[in-house]
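To start, the structure itself, in structure tokens.
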Amino acid sequence: MGDERLHYYGKHGTPQKYDPTFKGPIYKRGCTDVICCVFLLLAIVGYVAVGIIAWTHGDPRKVIYPTDSRGEFCGQKGTKNANKSFLFYFNIVKCASPLVLLEFQCPTPQICVEKCPDRYLTLLSAYGSQDFTYYKQFCVPGVQKSKGVPELLRDGDCPAVLTPSKPLARRCFPAIHAHKGVLMVGNETTYEDGLGSRKNITELVEGAKKANGVLEARQLAMRIFEDYTVSWYWIIIGLVIAMVMSLLFIILLRFVAGIMVWVMIVMVILVLGYGIFHCYMEYARLRGEAGSDVSLMDLGFQTDFRVYLHLRQTWKAFMIILSILEVIIILLLIFLRKRILIAIALIKEASRAVGYVMCSLLYPLVTFFLLCLCIAYWASTAVFLSTSNEAIYKIFNDSACPLAGKTCNPETFPSSNESHLCPGAHCQFAFYGGESGYHRALLGLQVFNVFMFFWLANFVLALGQVTLAGAFASYYWAFNKPDDLPAFPLFSAFGRALRYHTGSLAFGALILAIVQIIRVMLEYLDQRLKAAENRFAKFLMTCLKCCFWCLEKFIKFLNRNAYIMIAIYGTNFCTSARNAFFLLMRNIIRVAVLDKVTDFLFLLGKLLIVGSVGILAFFFFTHRIRIVQDTAPPLNYYWVPILTVIVGSYLIAHGFFSVYGMCVDTLFLCFCEDLERNDGSQQRPYFMSPELRDILLKGSAEEGKRVEAEE
């Protein structure tokens, strides 16, 4: 019987032999991959050292606060600019480039002011009058009263003109708009420069147009932020509903797995069907409306995304996408209908295991907390590294000057020879940089920071997988369930993983981190090569990106199964990965059918939860539920909280179902091991439940006959 049952194994490795002493995860085990454990500890020590160095040299205020021409922060407490929170530009025309706006530095004098100018005023008209008291607050501090207008403009002590401005990201930007190529400032169409000559200022209009993209992006961000401030508590309520639905879904699977799976399938089909119907109704409603037939290509990118919802083409695209998903799901269900019963049996067994180890549902919170620590340390270190440069000052001059662009010292420049060689030049802050060895190593330190983040994040995920696999393997290999289960299977598995297999987890995480850092470098090179015209280089880059993406997916799959073998047998990473791979290859039919069908059903469960919560959020935030119509907050973009609820619901559902998925994968490998070790006789009984044994062996027999018939 055993030989007949093993006919599909193939020649991949040697099946496990019967061992009467084997009762599940081995408790007497030794440390594995000690060298990798030492490397991980040394890398963590180096990572901490990099963080300390970055925190010593870095200054995150450079990101938060704007910097004036002397490199001093605006609005920083404890400085002379403590009450001056806004940055004022003398000549905003020189800041017209969007790249300059992103860097917040441009070649014009900049000073910190208490508030942005609120009136139109020129230096010539204000000089010598009462308006000069107001005007002087926008000049360089300590300006000499004895200077005339030409001297003030020549030395860069005062701006030539003030225009009404509004603060944006702590910077003063003119409140301007264009009309027939001429700048409109309030009711003014032109302005006088500091010397009294009137001129058309189309140049400033063009500069404003160049900056329009950046300003619109920032306005979009501010509107999104406003939507979050008025809807955050409703978003939290939506996420709580998603969490309750996920938990209820898993509890129901514990008792009525078969009914739940079929109900889930029908509900997903109905939800997609309603989405198709809604898109069609919107598509039909917009028929004949003005502007609804404009194509998406002609419309281009719009910051107000509500514009797209008034186009028939948008709803047509949504309808086509949902229809394709509906057809794919229906076809998969038709061809896999016989396998769904087998998958239900595996899900029922997983439900029993989760029911006996209920604390496993809370373990994703531990993984989430550890990942948050990794992300916080990586982000803070990256910010401190990027702000650990020194202030670099350069010579700026409007006229031709051989020294323009060279570094200078703002303290000594006014009395130096450079100032005499370039009359009218001024030494001002340019950017943050440095020429020391530390500054030259910043790029390498940033790469090391990203690499360590990948390594530690993958280690945390591996620790969670080994812990859950050890707990669920203890359930499977308990002959009398739940009497033979250890007292605290989850905590026991967690302790074994940390005590004996830190090195193995570090080894698997290291391999994955290397592939991921290579993918990041390839993405960086791809961005640099976008402007190149070398088609062969682009083709090669695309192939490399595709290959490393596939390699990453394969390594994740192999690592997951290797961690299950580590949790059961306590072998090192390479041995566990080899045994897991050969075990899967010996049971390739079951891998392709049973395991993947359960993954598909779990995906449908996630879609059902996310779709239900998403539809509820859509009706609520669009004021379509009459009972709570006046309760929903007014929003700039109602899709902001809806998308947030949808993404958050998916993450919550994924967290719960990831435990279930790990349980199914562990039980699947244990089942394959059980079939190889035992034959179901009294001397060698199976450890699986009778229901799982009958259904799975029946399905395997049918699959074997089908394979023989095809051969």
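From the backbone N, Cα and C atoms, a Cβ is placed for every residue, glycine too.
As given in TrEMBL:
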TRANSMEM  34-55  transmembrane segment
TRANSMEM  232-252  transmembrane segment
TRANSMEM  259-277  transmembrane segment
TRANSMEM  317-336  transmembrane segment
TRANSMEM  356-379  transmembrane segment
TRANSMEM  452-479  transmembrane segment
TRANSMEM  500-522  transmembrane segment
TRANSMEM  563-585  transmembrane segment
TRANSMEM  600-623  transmembrane segment
TRANSMEM  635-657  transmembrane segment
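The transmembrane segment (635-657) is in contact with the transmembrane segment (232-252), judged by 3+ CB-CB distances under 8 Å for residue pairs 6 or more apart in sequence.
Beyond the transmembrane segment (34-55), the same-chain residues lying 6 or more positions past its ends with a Cβ under 8 Å from any Cβ of the stretch are 377, 380-381, 384-385, 388, 438, 445, 448-449, 452, 455-456, 459, 502-504, 506-507, 510, 573. Using a Cβ-Cβ cut-off under 8 Å and counting only residues 6 or more beyond its ends in the same chain, the transmembrane segment (500-522) has close neighbours at 29-40, 447, 450-451, 454-456, 458-459, 461-463, 466, 541, 544-545, 548-549, 551-552, 555-556, 559, 562-563, 566, 570, 572-574, 576-577. Among residues of the same chain six or more beyond the transmembrane segment (452-479), those with a C-beta under 8 A of the stretch's C-beta atoms are 22-25, 40, 43-44, 47, 350, 352-353, 356-357, 360, 363-364, 366-367, 370-371, 374-375, 377-378, 485-486, 489-490, 492-494, 496-498, 501, 505-506, 508-510, 512-513, 516-517, 559-560, 563-564, 566-568, 659, 662-663, 665-667, 670-671, 674, 685, 687-688.
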